[in-house]
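Record features, source Swiss-Prot:
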TRANSMEM  26-46  transmembrane segment
TRANSMEM  52-72  transmembrane segment
TRANSMEM  93-113  transmembrane segment
TRANSMEM  120-140  transmembrane segment
TRANSMEM  148-168  transmembrane segment
TRANSMEM  174-194  transmembrane segment
TRANSMEM  219-239  transmembrane segment
TRANSMEM  241-261  transmembrane segment
TRANSMEM  278-298  transmembrane segment
Amino acid sequence: MSTNPLVWQQATVRIQQFYRLTKPRVVSLIVFTAVIGMFLSVPGAVPLDKLLLGTIGISLVAGAAAALNCLVEYKFDAIMARTKGRPLPQGKVSVPETLFFLVMVGGLGLFILHQWINPLTMWLTLGTFVGYAIIYTVILKPLTPQNIVIGGASGAMPPVLGWAAITGEISADALLLFLIIFAWTPPHFWALALYRKSDYAKIGMPMLPVTHGEEFTRLHVLLYTIILCIATVLPYLTQMSGLIYLVSVLILDAIFLYYAIRIYLHYTDQIAREAFRYSIIYLALLFTALLVDHYFYF
């Protein structure tokens, strides 16, 4: 009996390591946009069963994709300061264990989506998994500095998945949400790549600051932020959203543009770090504004 507390403690630590493989902070933002997509897809209440099961299914597959990313890049992660503390580089979980875990978790998520949501959502989610974990992580990321731009399509899919989970179809409004995240992805990741340039150079990863230099990357952060600001006004222009969203997004855009201009004109690593952190808050608040406006539209 005296060994029971130790056994439970060891089991808890193991569970925590597998949980860390799913990159919960990253996945939480992904799932949040998917859930908002669910609410925006219908004028009234969202069916509770589809909301819960759709969220669980999408979360599990997103976690599996993150785990596969960790598996593919664990040797690189061991070199980079930002990632060397992850479970695989630390040897806290093995490669076979990670592979088994992601297959089981991802398979369960796809089963839930097919069985209790609809086949369209399951196939779209599987396509998103393949796009992120294989096309982006395995092929594009080590091949081209445009990896973020091309691979951003898979990262922009969650609100479309949420929309399809409730309605069983893809609408033009869902594609607007896709467009917003697609435009958001380059300035978000390039801000990170700027102040982590030495890490990426160390592992030979062709991120834009490594291949084209800081000045070129800073310019593209600004250009893509301008594109993002244009894209985020489209929900209002198409009458998908109203004044609450418009006022909110103009404020959010102004702050993002402020950071992008500072990155371009007066770059420091600290400014890039602040811009990266703000970009996460920005996306969360933008989708929150979409949700509030959806139910209080005027």
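Count begins at 1; order follows the chain as displayed.
Glycine is no exception: its Cβ is also placed from the backbone N, Cα and C atoms.
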Study note, to complete from the structure: Taking the transmembrane segment (26-46) as reference, the highest number of CB pairs under 8 angstroms among 93-113, 148-168, 278-298 goes to 148-168
Exercise for review: For the transmembrane segment (219-239), could you work out the same-chain residues 6 or more beyond its ends whose Cβ comes under 8 Å from its Cβ atoms?
Suggested key: 172-173, 176, 179-180, 183-184, 186-187, 190-191, 194, 208, 245-246, 249-250, 252-253, 256-257, 259-261, 263-264, 275, 286, 290
Exercise for review: Count, for each of 120-140, 241-261, 278-298, the Cβ pairs lying under 8 Å from the transmembrane segment (174-194), and report the range with the highest count.
Suggested key: 278-298
Point to revise | Remote residues contacting the transmembrane segment (241-261) - C-beta distance under 8 A, at least 6 residues beyond either end | key: 187, 191, 221-222, 225-226, 228-229, 232-233, 235, 271, 274-275, 278-279, 282, 285-286, 289-290, 292-294, 296-298
